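The block underneath contains the structure these notes are about, expressed in structure tokens.
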Amino acid sequence: MKGGLIYVMGPSGAGKDTLLRYARERLSGQDVVFAHRYITREDSGGENHIALTEAEFEARSQHGLFALQWRSHALRYGVGVEIDQWMTLGCTVVVNGSREYAREAFERYPRMTLVHIEAAQHVLAARLASRARETPEQVAARLARRAPFEVPAGAAFARIDNSGHLEEAGEAFVGLVRQVAAG
């Protein structure tokens, strides 16, 4: 494959979607593609995804239409096989992934760059509460799951702290994407 893959992950509330939107706006018109995800959850705004029913997701999975797929929080997530075509054409592809699935993704794409978006615990709690997507119990479960991430051996890896101003973390992320795209 010619293009690169950037696999973004981090705890719920770290601001991954916000950083992805920030970078997408600033990198528009360049050979960088931000892949949407397929999720078995209704569209709640703020996230680049296509909502599928469980049956629709399973049918796509059975037909081999996902390059990456995983389960988390009783939902199914997938990234389409079109990312392989985009990379073959020389595009750098940015994917919103999962920490729990990072090792499997790295096994499939060993040249990818893993990016862990982080934020302070109090920032995560405030962001999750403001989304109003989940009950307080579900928010507490997400926060409790904030386990340390183990980087796969040999993986290109970067951390971005998104606890403060969006522009600071956003520009750090844009710079990283440009660096990967430059080869």
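From the backbone N, Cα and C atoms, a Cβ is placed for every residue, glycine too.
Positions annotated as domain 'Guanylate kinase/L-type calcium channel beta subunit' by TrEMBL: 2-181. For G10, P11, S12, G13, A14, G15, K16, D17, the entry in TrEMBL reads ATP binding site.
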Secondary structure of K16 (ATP binding site) (DSSP, helix/strand/coil): helix
Conformational class of P11 (ATP binding site) under the three-state DSSP mapping: coil
Within the chain of A14 (ATP binding site), which residues six or more apart in sequence place their C-beta under 8 angstroms from its C-beta? I117, E118, A119, L124, R127, N162
Taken over the domain 'Guanylate kinase/L-type calcium channel beta subunit' (2-181), the predicted model's pLDDT averages 91
What other residues of the same chain, not counting G10, P11, S12, G13, A14, G15, K16, D17, have a CB atom within 8 A of the CB centroid of the ATP site? I117, A119, L124, R127, N162
